[in-house]
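J.: This structure is in structure tokens; I'll ask about it shortly.
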Amino acid sequence: MPRYAQLVMGPAGSGKSTYCSTMVQHCETLNRSVQVVNLDPAAEHFDYPVLADIRELIEVDDVMEDRSLRFGPNGGLVYCMEYFANNFDWLESCLGHTEDDYILFDCPGQIELYTHLPVMKYLVEQLQQWEFRVCGVFLVDSQFMVESFKFLSGVLAALSAMVSLEIPQCNIMTKMDLLSKKAKKEIEKFLDPDMYSMIEDTPSRFKSTKFKKLTEALCGLVDDYSMVRFLPFDRSDEECMNIVLQHIDFAIQYGEDLEFKEPRENEEDKSENFDEYFQDRTDES
């Protein structure tokens, strides 16, 4: 039986921990068992129980206080993640070997972990060796994405993670419940965007022809290949959360290997009568 994992990624403040907490509660209402692993060594607080916490292995504060290392916040976090990559046996012992696991990995927000460093790629490969089907879940703050150029910046961040990790990925706009009605209408065009028309709407923002050509080339890459699309995530809307979960489940083929109960005898009789009915209709025609 395969195991399933979501790598919950995104910039700092995009709502990764809130997403994990909300998704755990939502899955509980669906009678689905979901666990969370915290992979952020700089995390201070989260309101959900964790299966494993990287801070039990190493913490950013301890690294920064080590005078022999002399790391700042970013350097300390990179050091922690590289140390983690050299100690995957700790994670394996925390996860155990239970079949049909469904685990959310709450990841750090530093984008260089996905674009410049191989740490997260190593994690994906290790999880796949442990028979996990892995889906990336990249979050961006919807309040940040209401302008065309900011939206393009978020698209490129999501695309860089997608290209680097080489796994199925769902891109999500979070905090939709915090938007005003006017902002919600404005942001609808960014969920399934026409990149070219977005650039045409802001011609006065281009300060040089080179910048315009670069922007048009990036928009063409995203638009022509339909590489990045976003799903809205409103934690107050059960249907919205269902849609997000269904997209992720489809990406990792969740449920295809679940064992189903055998039909009872009366159900078998009904199915036989159902087949006979259609056979009779075929004979008549």
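Cβ atoms here come from the backbone N, Cα and C positions, even for glycine.
Pulled these from Swiss-Prot:
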BINDING   G13, S14, G15, K16, S17, T18, T174, K175, M176, D177  GTP binding site
COMPBIAS  265-277  compositional bias 'Acidic residues'
REGION    261-285  region 'Disordered'
SITE      N74  site 'Stabilizes the phosphate intermediate'
J.: Using a Cβ cut-off under 8 Å and a sequence separation of 6 or more, which residues in the same chain sit near T174 (GTP binding site)?
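T.: Expected: G10, S14, G15, T18, Y19, L139, V140, D141, S142, F233.
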J.: For G15 (GTP binding site), name the DSSP secondary structure in the helix/strand/coil scheme.
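T.: The residue in question, G15 (GTP binding site), is coil (DSSP, three-state).
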J.: What's the CA to CA span in angstrom from G13 (GTP binding site) over to N74 (site 'Stabilizes the phosphate intermediate')?
T.: 16
J.: Across all chains shown, how many C-beta atoms besides its own are within 10 angstroms of the C-beta of G15 (GTP binding site)?
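T.: Other Cβ atoms within 10 Å of G15 (GTP binding site): 23.
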J.: Between the Cα atoms of M176 (GTP binding site) and N74 (site 'Stabilizes the phosphate intermediate'), what distance do you get, rounded to the nearest Å?
T.: 29
J.: Could you round the CA separation between N74 (site 'Stabilizes the phosphate intermediate') and S17 (GTP binding site) to a whole angstrom and send it over?
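T.: Each residue's Cα considered, N74 (site 'Stabilizes the phosphate intermediate') and S17 (GTP binding site) end up 19 Å apart.
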J.: Tell me, if you would, which residue among S17, N74 (recorded positions) has the fewest other CB atoms within 10 Å in the structure shown?
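T.: Least crowded of the recorded positions S17, N74, by Cβ count within 10 Å, is N74.
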J.: Counting only other Cβ atoms and using a 10 Å cut-off, which of the binding-site residues G13, M176 scores lowest?
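T.: Counting other Cβ atoms within 10 Å of each of the binding-site residues G13, M176, the minimum falls on G13.
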